[in-house]
Amino acid sequence: MMAKSLFVIICCLVMATCMVGVIADSTEATNESKSNELNNEAYSLQESGNFEEALLVVNQSIELNPENNYAWGTKASILMNLNRYDEALIAIDEALTLIPDDPTYVEMKKSIEQNVGTSDESTEVTNESLSKELNNEAYALQESGKYDEALLVVDQAIEQDPNSHYPWGTKASILMHLNRYDEALIAIDKALELSPNDSTLINMKKTIEQKVGGSDESAEVSNESKSNELNNEAYSLQESGKFDEALLVVDQAIEQNPKNNYAWGTKASILMNLNRYDEALIAIDEALKLIPDDPNYLKMKSTIEGNL
């Protein structure tokens, strides 16, 4: 009886060992299959020019099956397209470790070796090209009157190639349109450091220097104009019965120009419509500080006080 039990246990152990082997083989086969699928996906992404995404996918392929020579070859190809030749050389060497005499890999390695050490130069050329594109985009935005957006783009152009005088000149021009002459002077000086004899930049600097110190006055005029626009908008909203929205807008008008008596009067009127007479009284008092004898404001104050 004991011998029979021992025989059963041994059989079970043998079967379990076989099952472990089968599972391991099955997992390995699954990994290889998935690795091939990911490699194909990476190849397609590369063909579509999505190199960064392709690199992420091929790395997943290699992680699943580090002995997938196709994935190492694809990785080398992607890195070549990214001008990352030092890394491409490591990848192609891995592929050749797995398939030493593959003619495609051998030729690819030769091509990579010719470019090793040139990555920095390629990157520099790419940066210059991108800087020019961004500068052109910034110039177009400036021409469309989108100065704040243009400023963001031209800063990106400068970041790509700080030694190009073109984006510095464009930045100076944009800042002039924004009446930020002190900053424009810094930008034009930087442009002239890089291109000292450029007549356009020299003339631009003269224009900026005439304006430096006048930025505050220009900004003040701009704020007054903006305040009046916002007050008119608040008045229209009030007429449409949108009192809460009107209140938000008139507060912006006052923020732009606290000395805008019209805005204080509009605010008082809006608050009256909202039955907030205590606040309306404060607003009308501010208006009367600025225009003490205005009959409309005096009448409005009387009405407000009658409702307190």
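Including glycine, each Cβ sits where the backbone N, Cα and C put it.
Since we're looking at a predicted model, the values are computed, not measured.
Residues or ranges marked as repeat 'TPR' by TrEMBL: 35-68 (among others). Long-range contacts of the repeat 'TPR' (35-68) within its own chain (CB-CB distance under 8 A, at least 6 residues past either end) are made by residues 74-75, 77-79, 81-82, 98.
Residues or ranges marked as repeat 'TPR' by TrEMBL: 69-102 (among others).
The list of residues near the repeat 'TPR' (131-164) in space but at least 6 beyond its ends in sequence, with Cβ under 8 angstroms from a Cβ of it, reads 170-171, 173-175, 177-178, 194. Among the features that TrEMBL reports, repeat 'TPR' is placed at 131-164 (among others).
According to TrEMBL, the repeat 'TPR' annotation covers 165-198 (among others).
Among the features that TrEMBL reports, region 'Disordered' is placed at 212-231.
The compositional bias 'Low complexity' annotation in TrEMBL covers 220-231.
Under the heading repeat 'TPR', TrEMBL lists 227-260 (among others). For the repeat 'TPR' (227-260), same-chain residues at least 6 beyond its ends with a Cβ under 8 Å from one of its own Cβ atoms are 266-267, 269-271, 273-274, 290.
Taken from TrEMBL, the feature repeat 'TPR' applies to 261-294 (among others). Confidence over the repeat 'TPR' (261-294), given as mean pLDDT on the 0 to 100 scale, stands at 93.
Broken down by DSSP into helix, strand and coil, the repeat 'TPR' (69-102) contains 27 helix, 0 strand, 7 coil. Note: the repeat 'TPR' (165-198) comprises 27 helix, 0 strand, 7 coil (DSSP; helix = H, G, I, strand = E, B). Assigned with DSSP, the residues of the repeat 'TPR' (35-68) fall into helix, strand and coil as follows: 27 helix, 0 strand, 7 coil.
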